[in-house]
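Sequence annotations record features per position, and here TrEMBL assigns compositional bias 'Basic and acidic residues' to 8-28, 44-53. As annotated by TrEMBL, compositional bias 'Polar residues' applies to 30-40. Look at TrEMBL and you will find 16-53 tagged as domain 'BHLH'. What TrEMBL lists as region 'Disordered' is 1-53.
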């Protein structure tokens, strides 16, 4: 009891790698979005005017 079969161990490894990849991608996108937000703060614009995407 508690021992993983080779197949379930592979599935667990695959799931763990996917979670790590998702976490890395989330962090990457947050970093990109933070960079764009910093750039937006430097652009001149009028109050109430929306900046295009």
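The backbone N, Cα and C atoms fix where each Cβ goes, glycine too.
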If I take every residue in the domain 'BHLH' (16-53) and average their pLDDT values, what number comes out?
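Summing pLDDT over the domain 'BHLH' (16-53) and dividing by its length gives 91.
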Run through the compositional bias 'Basic and acidic residues' (44-53) and tell me, per DSSP, how many residues are helix, strand and coil.
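DSSP classes over the compositional bias 'Basic and acidic residues' (44-53) add up to 0 helix, 0 strand, 10 coil.
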Count up the helix, strand and coil residues in the compositional bias 'Basic and acidic residues' (8-28) according to DSSP, in that order.
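Counting residues per DSSP class in the compositional bias 'Basic and acidic residues' (8-28), I get 21 helix, 0 strand, 0 coil.
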Going by DSSP, how much of the compositional bias 'Polar residues' (30-40) is helix, how much is strand and how much is coil, in residues?
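The composition, in the requested order, is 11 helix, 0 strand, 0 coil.
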